[in-house]
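Colleague: Before anything else, here's the structure in question.
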Amino acid sequence: MSPAWLRPRLRFCLFLLLLLLVPAARGCGPGRVVGSRRRPPRKLVPLAYKQFSPNVPEKTLGASGRYEGKIARSSERFKELTPNYNPDIIFKDEENTGADRLMTQRCKDRLNSLAISVMNQWPGVKLRVTEGWDEDGHHSEESLHYEGRAVDITTSDRDRNKYGLLARLAVEAGFDWVYYESKAHVHCSVKSEHSAAAKTGGCFPAGAQVRLENGERVALSAVKPGDRVLAMGEDGTPTFSDVLIFLDREPNRLRAFQVIETQDPPRRLALTPAHLLFIADNHTEPAAHFRATFASHVQPGQYVLVSGVPGLQPARVAAVSTHVALGSYAPLTRHGTLVVEDVVASCFAAVADHHLAQLAFWPLRLFPSLAWGSWTPSEGVHWYPQMLYRLGRLLLEESTFHPLGMSGAGS
């Protein structure tokens, strides 16, 4: 058995070994490497009866989010529902109204993905939906069935011995909350289609400003890879750092942001809840000793680092609130930090360890072609952090991750 202090290092060595294989995997596409053995598929662990995943209540931010109100055929929100005519899914449709086929696009996407998994897992068996959108009031108050955000499912052969594994397949398909609710079915639900919580990860608003090396202040939406922006070095001093890539860039997406406001000096920074921010519990802590924590964990009375004259200085958090804004940008600098709206932040999100994240991105600093390859998207989440996030889920403890996970990573 390895000593406790060594285990994280061993995990990280596995990280680095796998990262070395990334250029070939991305450059050559799918295919078997000569002389390699096929790895057996990852063993899926069925959910136990009455188990739910994630292990939080359904209508919380870390799962499917709050109830937003019943949708009737006559309501304005009815247009949010779309029919699902997938021939690989059997809809029970007891009401003979087609209601069970109606659902949000997010729910439809997850359900279609699950249908493929079911056929692959059990040849000749299809996914069966016993309940989708409910307009008749047959469920409990504030049920997500009333919004088309929930489905109850079985397999077409109604073999109850399959339902635990069916629930696990639903988790893998990307449903935001899965509950092995009954011996007769599995309950699955998703976040609201227009809720900013349906997309998370680590970003700043499009209009958030950074300082370039020439002294100019520009919005993140105008920053380009190769620009040098104000950041913080390992020793806690201000420095200018190269922008390598955008980990996420979505100019037309509504996002929920955590707003951190300070006093003396007054600053206001908006960033997504899963993003890392440097904090301390008192103002005497040296800048290099400020610790990284998720923005959603920051409390009034704690201290963040802000740019001042000279250098960086602590500022007391006066208020924390939430705000929804259009557009989100997440640049990665060579130092792994940046100063946004005069507040020092990490470039990383979703995982609680800033230093581990910085180490995991070393290939992008050593091999620029990884950042600039033809597979780099102009919008959306860059493939590299998505790959790291999925890999980290296999190697690191669950407590290492923010419950909201990462945008576009299937979490």
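Backbone N, Cα and C atoms are what each Cβ position is placed from, and that goes for glycine too.
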Colleague: Given that Swiss-Prot lists E131, D134, D136 as binding Ca(2+) 2, which residue among E95, E172, E181 does it place in the same site?
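Modeller: Of E95, E172, E181, E95 joins E131, D134, D136 in the Ca(2+) 2 site that Swiss-Prot records.
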Colleague: List only the single closest residue to D248 (site 'Involved in cholesterol transfer'), chosen from the binding-site residues E95, T130, D152 by CA-CA distance.
Modeller: D152
Colleague: Could you tell me which of these recorded positions, T130, N282, has the greatest number of Cβ atoms within 10 Å of its own Cβ?
Modeller: T130
Colleague: Determine, from DSSP, whether D248 (site 'Involved in cholesterol transfer') sits in helix, strand or coil.
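Modeller: SS state of D248 (site 'Involved in cholesterol transfer') = strand.
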Colleague: Among all protein chains shown, how many Cβ atoms are found within 10 Å of the Cβ of H145 (Zn(2+) binding site), not counting that one?
Modeller: 25
Colleague: For the binding-site residues D136, D152, which one has the sparsest Cβ surroundings, going by other Cβ atoms within 10 Å?
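Modeller: Relative to the other binding-site residues in D136, D152, D136 has the fewest Cβ atoms within 10 Å.
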